[in-house]
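> Take this structure, written in structure tokens, and hold onto it; I'll ask about it next.
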Amino acid sequence: MRKSISIAFVIAITIFMSHLNVFTVYSLTPCEEATNLLTPCLRYLWAPPEAKPSPECCSGLDKVNKGVKTYDDRHDMCICLSSEAAITSADQYKFDNLPKLCNVALFAPVGPKFDCSTIKV
């Protein structure tokens, strides 16, 4: 008797919770993930010319770079990063130097002026 009440209670709670969408998992798009990973780079991009990127910035850049495997990934991420770069209104020189300063061989140049259609297959 007690066991059947416990099972009924668990079923009732499960049904109730499913109606509340408590178990819904929201995932980020690759662009949103990259934007989150590169947020620490904003301090460098807006800093004086002699500034260096933080370890968190470089780590984020490396993770984004390692996450793009295919041509479509590279092209989509290029569009994402170029759009985000245009919003930051930082100096193109800073974008150009970021991969070098972080020692990351980036899949494509980053910055608001880069033409993503020139990425090679």
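Cβ coordinates are placed from backbone N, Cα and C, and glycine is handled just like the others.
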> Which cysteine out of C41, C78 is the one Swiss-Prot pairs with C57 in a disulfide?
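Recorded disulfide partner of C57 in Swiss-Prot: C41.
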> In Swiss-Prot, C116 is listed as disulfide-bonded to which of the following: C78, C80, C102?
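Record-based pairing for C116: C78.
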> Disulfide-wise, see what Swiss-Prot says C102 is paired with, picking from C31, C58.
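In Swiss-Prot, C102 forms its recorded disulfide with C58.
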> Which one is closest to C80 (disulfide bond) in space, judged by CA to CA distance, out of the disulfide-bonded residues C41, C57, C102, C116?
C116
> Nearest of the disulfide-bonded residues to C102 (disulfide bond) by CA-CA distance, picking from C31, C41, C57, C78, C116?
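Nearest by Cα distance to C102 (disulfide bond): C57.
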> Please list residues from the chain of C31 (disulfide bond) whose Cβ is under 8 angstroms from its Cβ, counting only those at least six apart in sequence.
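Residues satisfying the criterion: D76, M77, C80, E84.
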